[in-house]
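J.: What Swiss-Prot lists as (6S)-5,6,7,8-tetrahydrofolate binding site is 109, 110, 111, 112, and the listing cites similarity to another entry.
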């Protein structure tokens, strides 16, 4: 039996934890996840998906502000290996060294490309046609450890970040389990990351505003890359309208001002980018309302009209 301590917080983390927990070759002897967060709207405490799974399956769960605070407790578990999936917290070197096989980290990009906390968003924003699942040894430098194995896959050109996440969530758990078994079996295949890295850091608030001066392909990639969350937006009459799906239509034959609505139909809202390029906004979200197709919005009262502007 392989004794594991799991570090993770997100929905992807929970999927990987569940797969490890259900595999008869593993024993999950402890889980470390982020401290609970308080919902500012209703003041209720929100558990991470990982903590909820631990409660349901009676797995010891630790939630330190800093993981070095539980070094003694983790040492007492005498685990063989640590596993990290989207933990969201720096792991101290003293914690890494508790485990004979160190800590294996799953990262959903073709490392050394897109080190950081938002590789899925940046895969779509950058228009990548391929990506990878990477299992690396966790080291102090962010996502810089030697690579155990990578599993390449094609990125569907129609995917947004949500679609890519669903793919990763479906395929990552079993790939991770395969790698863990190989690591503990003593096979020695670690390879250092040699090529220069790029970074896929967390999306900043100011990056959520879409740029109408981009080339059409880049604009569409930003729409897809920010969808469904956090959602890229454009300003319209004082409101931030999220643009969750858009398509490039082509170039206007006449000169059109950037951001101007040129046509509204059941297919969507046509607006101009720079150089008279036209994109079709198909799914949008008005503040306080759910995301809707434009075909549904125009059936009711709405503020949009030809000649008005997005900014």
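Keep in mind that glycine also has a Cβ here, set from the backbone N, Cα and C atoms.
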J.: What is the total of other Cβ atoms whose distance to the Cβ of residue 109 ((6S)-5,6,7,8-tetrahydrofolate binding site) is within 10 Å?
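T.: I get 24 for this one.
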J.: Work through the binding-site residues one by one (110, 111, 112) and point out the residue whose CB has the fewest other CB atoms within 10 angstroms.
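T.: Across 110, 111, 112, these binding-site residues, the one with fewest Cβ atoms within 10 Å is 112.
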J.: Taking the center of the Cβ atoms of 109, 110, 111, 112 at the recorded (6S)-5,6,7,8-tetrahydrofolate site, which other residues in this chain have a Cβ no more than 8 Å from that point?
T.: 107, 113, 114, 115, 119, 132, 134, 143, 150, 193, 197
J.: Which secondary structure state does DSSP assign to residue 111 ((6S)-5,6,7,8-tetrahydrofolate binding site), in the simple three-class scheme?
T.: coil
